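A short worksheet on the structure shown next.
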Amino acid sequence: MYLVESKGGAIVCMLFSLFFLGTWPAIMTLLERRGRLPQHTYLDYSITNLLAAVIIAFSFGEIGKSTPESPNFLTQLSQDNWPSVMFAMAGGVVLSIGNLSTQYAWAFVGLSVVEVITSSITVVIGTTLNYFLDDKINRAEILFPGVGCFLIAVCLGSAVHSSNAADNKTKLKNLSNDNKLETVDTGSSTTKEEFPNNGAKDLENGNAPPGKAKAGTAAFLIELENRRSIKVFGKGTLIGLAITFFAGFCFSLFSPAFNLATNDQWHALKKGVPKLVVYTAFFWFSVSCFVLAIILNVIFLYRPVLNLPKSTLRAYVNDWNGRGWAFLAGLLCGFGNGLQFMGGQAAGYAAADAVQALPLVSTFWGIVIFKEYRKSSRRTYILLTSMLSMFIVAVGVLMASSGHRK
């Protein structure tokens, strides 16, 4: 099997993982804003997420000769390593719950802020746990200042959300003074501008032609509300924040669980049984993630949450609108997680948590695709710039702390 053995190779894995894990949430958000049911999207995503783990296991996991200390993937499947397998599957369970939760939180709180909060919770809790599980191979004098940078960034992220929410509230309040409006059915007293069809298309709208509403205006916000699948007007942000913090707690546990699966710090394996290689652990991790996601989302088809419309398995199978994007999101997430674990095996899982700076990537996509923060106040722009700058510092410090597993 192929192992990443150098610090440089580990950092390359983490950088690619950072890009992949920061991009797939933007794709999922794109589909929700186009009006595709999140249950349909997540079922598609789960299929290719598992496929990525299978590809990694049968490629990198089968390269080279199998040895007693480092058996190849297929060899290890028949060994008595179930304690470690259970740790890997536990990691997959909490990751699946966390990912499923954020899919709903993105609609209520916004892509950038959700990623900032969940990533920061992951670093503060998960990185601390990994530091001790890894026998302190990362340099504490560098690692924990990096954790502190993430704490500062989450405070700035919360301030960005508060400032941007205030900006949007002002835009909606002043809408009637700027446009000719007529009432639409949004579940509230909000109104919407009529837009002529100019035949143009954009990425977020998909096949639907956009109107004349400019990004960042109140009319744009109302047009988005009418199109998206999860309706947020008239609902407070507390439910979204609660889901976000719950997801962050789940994310903080999956990496330590995977660490225990591959390094057996608690000596759960029988004497003479080799530790799980990263590819075998990732396979079982992804299997449990897939099984739980299928069960929960099939239930949500018939018993949806947050007032979403009911669906059926037949409707899901026939829904090809955006399926390719959902498949791509699953592949990106699967390969992103795999690369994170490959890098963590070499440099330490605490340093591999540097990929939790993925809000840098997600915020970029949020600004480019979804036009977040367009026409916001100067205060919002200053806070946004400060947040991104702090994340850049945080990921650099966290990567600099990486050691090398002996």
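The backbone N, Cα and C atoms fix where each Cβ goes, glycine too.
The transmembrane segment annotation in TrEMBL covers 6-30 (among others).
Among the features that TrEMBL reports, transmembrane segment is placed at 42-61 (among others).
Distant neighbours of the transmembrane segment (81-98): 118, 247-251, 253-258, 260-262, 264, 268-269, 273-276, 280-282, 284-290, 292-293, 296, 337; these residues of the same chain sit at least 6 beyond its ends, with a Cβ under 8 Å from one of its Cβ atoms. Annotation source TrEMBL lists transmembrane segment at 81-98 (among others).
Same-chain residues lying 6+ beyond the ends of the transmembrane segment (105-130) with a Cβ under 8 Å from its Cβ atoms: 22, 25-26, 28-29, 32, 98, 143, 146-147, 150-151, 153-154, 157-158, 160-161, 164, 228, 230, 232, 235, 237, 239-241, 243-245, 247-249, 251-256, 259, 344, 348-350, 353, 356-359, 362-363, 365-366, 370, 372, 387, 391, 394, 398. Annotation comment: TrEMBL describes 105-130 (among others) as transmembrane segment.
Annotation source TrEMBL lists transmembrane segment at 142-161 (among others). Counting residues 6+ beyond its ends, the transmembrane segment (142-161) has Cβ neighbours under 8 Å at 109-110, 112-113, 116-117, 119-121, 123-124, 127-128, 131, 237, 350-351, 354, 356, 359, 373, 380, 383-384, 386-387, 390-391, 393-394, 397-398, 400-401 in the same chain.
Annotation comment: TrEMBL describes 182-210 as region 'Disordered'.
What TrEMBL records for 237-258 (among others) is transmembrane segment.
Residues annotated as transmembrane segment in TrEMBL: 278-302 (among others). For the transmembrane segment (278-302), same-chain residues at least 6 beyond its ends with a Cβ under 8 Å from one of its own Cβ atoms are 1, 3, 39, 42-43, 45-47, 49-50, 52-54, 56-57, 60-61, 73, 76-77, 81, 84-85, 88-93, 95-97, 99-100, 254, 258, 261-262, 308, 310-313, 315-316, 334, 337-338, 341-342, 345.
TrEMBL lists 323-343 (among others) with the feature transmembrane segment.
The transmembrane segment annotation in TrEMBL covers 349-369 (among others).
Per TrEMBL, the feature transmembrane segment maps to 381-400 (among others).
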Please work out which recorded stretch in 42-61, 237-258, 381-400 has the most C-beta pairs separated by under 8 angstroms from the transmembrane segment (323-343)?
42-61
Taking a Cβ cut-off under 8 Å, which residues six or more beyond the ends of the transmembrane segment (42-61) line up next to it in the same chain?
1-2, 24, 28, 72-74, 99-100, 103, 277, 279-280, 282-283, 285-287, 289-290, 293-294, 297-298, 316, 323, 326-331, 333-335, 338, 342
